[in-house]
Structure formats: structure tokens, C-alpha cells
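**Student:** Starting off with a structure, shown below.
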Amino acid sequence: MTDKPSVALVGAGSMGGALLRGWLETGAIDIAHSAVFDPGISADMTVLCKSRELSLNPEIETGYDVLVVAVKPQMAAKALPQYAAIAKDAIVVSVMAGKSTNNISAALGGAVRIARAMPNLPAAIGKGISGLYATETIDAAGRDVVEHLLRAAGKVTWVETEEAIDFVTAVSGSGPAYFFLLTETLADAGEALGLDKQAAAVLARATLAGAGALIDVETRTPAEMRKAVTSPGGTTEAALNILEGDSHALRALVKDAVAAAAKRAKELTN
Ligand SMILES: NC(=O)C1=CN([C@@H]2O[C@H](COP(=O)(O)OP(=O)(O)OC[C@H]3O[C@@H](n4cnc5c(N)ncnc54)[C@H](OP(=O)(O)O)[C@@H]3O)[C@@H](O)[C@H]2O)C=CC1
Ligand SMILES: O=C(O)[C@@H]1CCC=N1
């Protein structure tokens, strides 16, 4: 293998597409020897593949360095067996929530070298974070390849156990949706106060973007930054008293929500 792996990407939807964009933008893969497999690929992705002369839905043959699996976990049992020939010689990297390496191996005809990665949607602009786990069958060079591919999507962090990938999924994989929901509810609350709908939406969205950009460059902890916004006896404190309350309502709610996501990941294993 050269320093750029050849990749067979299975599933070029939301996440597979985001990863592909990152690889193409950063020159992370050997385009001439890579391919995308997705029978129902979107028009956007088709244009992207064609513009970069990236092979789209070719015949299934061996010879790829890495097989990246980005189909829905519920589709895995039906979709994966046809790619078993590719998996035989390749490192398999699954971004599927929940699906265990044992399960992936079985669906891919007994594939041996399997890693799991859990990226998140900001991968689409290289601002994602991925949790990575590799079975012992993947050596240091193989782990470097996995890391190289996910670095094109942003930051990476390795976890020691496969179970921890479910926890990563619950925190950062699903995490962007939590902040998007908060942004929706903030806009709705602004509208309820009397702001114009459009103005409330712009204010909420820009607040999420600004807070995200700030925390990205700050060395202070989130708690310290929260305190920097909160004047004693001021408006933020009044709002936080509702969100936290004596029962720490928001913290309890988020803890329950994240636990539910982790539980669902476990259920998706089989
Ligand atoms: N979205 C996210 O933020 C994240 C998603 N993930 C994981 O990424 C995976 C994909 O999720 P997401 O991108 O949201 O889902 P999408 O439905 O957007 O993408 C899945 C893609 O796989 C295609 N597909 C279905 N069957 C096959 C097949 N036999 N061969 C090749 N491609 C096929 C689908 O086509 P069609 O639509 O025609 O069925 C679709 O384009 C999931 O396992 C999810 O857990 C991980 C982290 C974050
Ligand atoms: O909702 C899901 O199951 C996937 C995994 C993490 C984000 N989206």
C-alpha cells in the first residue's frame, strides 16, 4: 500500500458522503484505485464521484486496502454479504452504530481485520470527532490507516474497549442532534416572547455557531465559560435556575437521554 489507501466505500449517504468529501478535499485516498458502492446514490454524490473520476458501483472485486461500511445498521445483514470478497483482504472500518465486530465479521463472510469508527456529522466540514476502536487483529500500521481516514473528517480519539464505541455514539455521534434540538427550542422560545419567527431562528442559530466556534479555541472549561456569561443576579442566572433548578433538571435529562442512546446502540448490535 502507498501512503494513500485505496478505499471501497459502501453507502454514500449522510455519513458516508461526509467522509468521502473529506477524503477528496484532503487528498487522503488513492482515488484511481478507490470506488463507491451505493445502488441508490444521490445525484449530488454522483456528480462528485464523476467530477473526481472516482469509480461508482463497479463490479465487486478484491484489491482495496480498506472497506468502509456506512450503511444503516438495520441494512447490514442484507447489504453486507455481497461485499465479502472485498473484506477478505481489506481492513474493514464500520461507522455503523451498534453493530459489533463479531456481527460485522459474520455479515462479511468471516472478515478478520475489523475496526469501528464513530464519527459525527460535522465531519462534513472536517470538524467532526471520531471515536476509534480496532480489534487485536489490526496491527499498528493498520491502525494508522484507520486513523488517517478518520482524521480527514476532524479529530480522533481511540477507545480501549468495543463497548466504549457505544458510549462515544451516545455522546458525540448523536450529540450534534442534541445541540440542534436546543437551537430549535431556543428559537421557538424567542418567538414565544414576541420576536419575529425569522429573527428568532437567526439569533438561535448564530448563537450555537458562535458558542461552538468560541469553545473550539478556548482553553477554559465549559463550566468556566458558562460562568463568564452569567452575571450574578443577572438574566442568565435567572434562566439557568430554570434549566438546572434544585433538581438539576437539565443534567438529569441529558444523562437519561445519553443512556437511552447507548442502550439503543446495544440493541442494534444484532
Ligand atoms: N448520520 C450521522 O450523523 C451518523 C451516522 N453514523 C452511521 O453511519 C451509517 C449511515 O448513516 P447515514 O449516512 O445517516 O444513513 P443514510 O441512509 O444517509 O446512508 C446510507 C446509505 O447506504 C445506502 N445503501 C443501502 N443499501 C446499500 C447497499 N446494499 N450497498 C451500498 N449502499 C447501500 C443507502 O441507500 P438508500 O438510501 O437507497 O437505501 C444510503 O445512501 C449508519 O450506520 C449510522 O449509524 C455514524 C455517525 C453519525
Ligand atoms: O442516530 C443514529 O443511529 C446515528 C448514529 C449516530 C448518529 N446517527
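Any Cβ shown, glycine's included, is placed from N, Cα and C.
For 7-98, the entry in TrEMBL reads domain 'Pyrroline-5-carboxylate reductase catalytic N-terminal'. The NADPH binding site annotation in TrEMBL covers N57. TrEMBL lists A70, V71, K72, P73 with the feature NADP(+) binding site. What TrEMBL records for 162-268 is domain 'Pyrroline-5-carboxylate reductase dimerisation'.
Give me the local environment of each listed feature.
**Tutor:** Per-residue confidence over the domain 'Pyrroline-5-carboxylate reductase catalytic N-terminal' (7-98) averages out at a pLDDT of 97.
The Cβ of N57 (NADPH binding site) lies under 8 Å from the Cβ of A35, V36, F37, D38, P39, I41, each of these being in the same chain and 6 or more residues away along the sequence.
Mapped onto three states, the DSSP output places K72 (NADP(+) binding site) in coil.
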**Student:** Using a Cβ-Cβ cut-off under 8 angstroms and a sequence gap of six or more, which residues of the chain neighbour K72 (NADP(+) binding site)?
**Tutor:** G11, M96
